[in-house]
Structures are given as structure tokens and as C-alpha cells.
Amino acid sequence: MTTDTRLEYDSLGAVEVPADCYWGAQTARSLKHFAIGSQRMPLAVIHAMARLKKAAAIANRDLGVLDPEKAKWIIQAADEVIAGQWDDQFPLAIWQTGSGTQTNMNVNEVIANRAIELAGGVKGSKSPIHPNDHVNCSQSSNDTFPTAMHVATVLALQERLLPTLRHLLTVLQEKAAAFAEIIKIGRTHLMDAVPLTLGQEFSGYASQIAAAQAHIEYALQHLYPLAIGATAVGTGLNAPAGFGDRVAAELAQMTGYPFRKAENPFAALAAHDPLVMLSGALKTLAAALMKIANDIRWLGSGPRCGLGELRLPANEPGSSIMPGKVNPTQCEALTMVCVQVMGNDAAVGIAGSQGNFELNVYKPLIIYNVLQSIALLSDAAQSFTDHCLVGVEPNRQQIQAYVERSLMLVTALNPHIGYDKAAAVAKKAYSEGKTLKEAAVELGYLTAEEFDRWVRLELMLGEKGTS
């Protein structure tokens, strides 16, 4: 950026702007007055906003509101923003006006100045393209920003998170099938329990991910309705009839996703319940991933002094002081992401409750946290799947040793000798270091042959194919 400046003007007067920048007066004022934190408006929102400006230019042109030549320059400039050509022209923090007005104007100014340049004009002149009169024609920040929020979120879900979850689910299902015949001891309350198969255990993980994915896909359906056309308070003031429907249709054609104008524009401005719902679904996914990652790292603990039922792939040396140590780092990274997503959901829930009258003014905070949750979950789940889960293998020797030592196999005797006698068998075996069979026979509750007939692992597993 050069030190040369130019003067740009808004309703408050003149503002100095770096000469080589495409933003204008309102962006410059925001940079001056809202130098808060390091969090910038996500580029996903900027690109979604540029898609919206392109769709609006097309709709305004077709409705006779915008000159076709002006529309052409706006569309070309918007395409450049969508392509990421001007990503460095969007410097604003998320800590700004709660309606996202400053970001809306940042996009308007950049597109307008680039369109002016394409038309052969002078950057900053507002001629032949004006950021408000032409780029923002038929729009308000109050309907454009929430529209961009939905578009950005849908794209992030469809193109990042959902494909990652499908990959994760496939690997979990493959592991469940591969481990279907490996009998192990279950654990409840962190204590030994009755047996199940390792495949059954992994089928539970797969079911959790499938359910979380379904919750996200349900929430996704509520993000297709868009606020565009509502303008300032939901009445559509200054927007031509049919504008919102046309813009939504253009966005649907551009993206391939079924966007449509919201049935109730007032709720679309004043509340962000669909994003709150989605954030809750993301938290549910985080809870599932936390449980899965914790189980896998506990089952892989050791190698000699832990549970050691699973062998996890080594990604890197684990300690700067203990040679040969390898840690479950993919599980650790994933669980940290899950904690962050849960925190983000708390912020989104509070922000979503703060819609006063006709407008919620926590929009930048909501979209920042939702998009961060999607990005973190996408990246972490992909990393966990590719660098840990696919390489997980059973330690059959350790698993079998636990099965042979388990006292909870005594549960199979309950129907034959009763709970109290079965408990006495387990107590005697534990206190005297005997096998269950030895203890049961010595107590006179059954014969060795009866024990072998009744305590059979394959009869204690239920439906091994349960998923």
C-alpha cells in the first residue's frame, strides 16, 4: 500500500483514503473508529456478499431499475471479488456495527470503484457507478448482510463439512465391519462390564456421526430462505416488486443450491434462529467427536501401562524429554476443536437472543462463530480421519487377555444360579485370585461342565451386526 492518498466523500464529509485502495470513505471511517481485535470479517462472507451484489445487479437490470451498462460493470467487478482477486481490500474487523453495515459498504465501495475503473472512470469519483445508488440499489444492509450470512454458511456446509462427515462415517463403518468378530470387554462407569465386539463399539461411533450429520442437514434446509428484498425493516421499502424472488433465484442458479426468498421477512431481519439451530447441531457434532476421540485415545493408551486395546498411528515424536514417546495428538487436536465449538455455540445462542424489535445487531459475531465452527470441525475431522482413524488397529493379544481376566463374565450365570450367588462367585474369584470357573465349582453352585455350557462369549453379544 502506498502512502499517497485520495479524498473520498460520504454524508459526513471528506475522508483520506490510500490512493491504491478500492475501498472508500465508510470503510476508512470503520478502520479508524473500530480498531478492535485481530478478527477480520471472514472472506466467505465477502465472497457471498459479492455474489449477492452480482445477483442484485442482474435483478435490478431485468426489472428496469438499473442501466444495463452500469449493471455490466458491477457484474464484472463482483465476479473479480468472488474469484478472490481483491481479498486484500476487505480489512474490517467483525467488531463493528451489529448489522454488518460497514462490511456491506466496504463491498459496495470496492465493487463501485473497480467498476468505475473498468468503465474508464476515476476511482473515488462515484461516476459512473455509485456505491449506494447502483451497487446497493434496492437493498439495505439489514437484508444484504443476513442474506450473505446464509449463503456463506450453506457453501461452507455443502462444500466442506458435509463431505468431511461422509468420509468420516465411511471409515467408521469400515472399521466396525473389520472389527466385527473381535470380542472385548465393555466398560461402564469406567469399570469392567460384560463383553461386546470391537465392531459393535465402533458401530456406536458411526451411529453418532450419522445422527449428527442428519441434524446438520436438517438445519441446512432452514438456511435456504433469504432475507433479501426485506430492505430496512422487512417491508421491502425502495425495492421493486419481485426483487427478492429474482435475487434468490439468481443466487440459486449461481451456486446450485435452492435459495429462495424468506416467507416472513420480519423474522429474517430480527432473528437468526436458523443459524442458532445450526450452531446447536454443530455443538452436537462436537459432543459426538469429543466422545469418539476420547474413547480412541483411552483405548490406545500405553503402550505397556495403559489400556492398550488399540494401536494408533504415530504422527510425530511425542515428547521433548522422553525418547520414544508417541502421543495421541490427532485426538487431542480434535478435542480442543470440540471445546472451541461448544464455546462458539454459547456465544451464538446469546447473540441470537438479542434481536430487539425489527433487527438483530449481533450479526457479525454470529456469522464469525458459525463459520469458525464449520471450518474447525471440517479441518479437524478430516485430519483425525486421515491421520489417525484409518490407521487404527486392534491389539488382539491385549484384548484377549482382558477377556480372559474379566470377572464380569459371571453375569451370564445370573439366569441359572441367581444374582446373589453369581456375585459371590465374582467376589471369591477376585479376592482369592481364582478363575470364575474355579470359584463357582468350589462354592458348589455348579459343575465345571455347566460353567462351560452357560458362560459362552458368543452368546453374550446380542446382535453383532447392530449398527
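Backbone N, Cα and C define each Cβ position, glycine as well.
Annotated active site, proton donor/acceptor per Swiss-Prot: HIS189, in sequence order. In the three-state DSSP assignment, the secondary structure recorded for HIS189 (active site, proton donor/acceptor) is coil. In the shown protein chains, 6 other C-beta atoms lie within 10 A of the C-beta of HIS189 (active site, proton donor/acceptor).
Taken from Swiss-Prot, the feature active site applies to SER319, supported by sequence analysis. Neighbour density for SER319 (active site): within 10 A of its CB lie 10 other CB atoms from the protein chains shown.
Feature annotation from Swiss-Prot assigns substrate binding site to 99-101, 130-133, 140-142, THR188, SER320, 325-327; the stated evidence is sequence analysis. Residue environment of SER141 (substrate binding site) contains 21 other Cβ atoms, counted within 10 Å of its Cβ in all protein chains. DSSP assigns SER141 (substrate binding site) to a helix.
Contacts of GLU332 (site 'Important for catalytic activity') defined by a Cβ separation under 8 A and a same-chain sequence distance of 6+ are given as ARG297, in order along the sequence. The site 'Important for catalytic activity' feature in Swiss-Prot is assigned to GLU332.
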Distance check against HIS189 (active site, proton donor/acceptor) for the recorded positions SER99, THR101, SER141, SER319, LYS325, ASN327, keeping those with Cα within 10 Å: none
Cα separation, THR101 (substrate binding site) to SER319 (active site) (Å, whole number): 49
Among SER99, THR188, the most crowded of the binding-site residues [Cβ within 10 Å]: SER99
Least surrounded among the binding-site residues, given as THR101, ASN327, when other CB atoms within 10 Å are counted: ASN327
In three-state DSSP terms, the structure that PRO131 (substrate binding site) belongs to: helix
Other C-beta atoms that fall within 10 angstroms of the C-beta of ASP133 (substrate binding site): 13
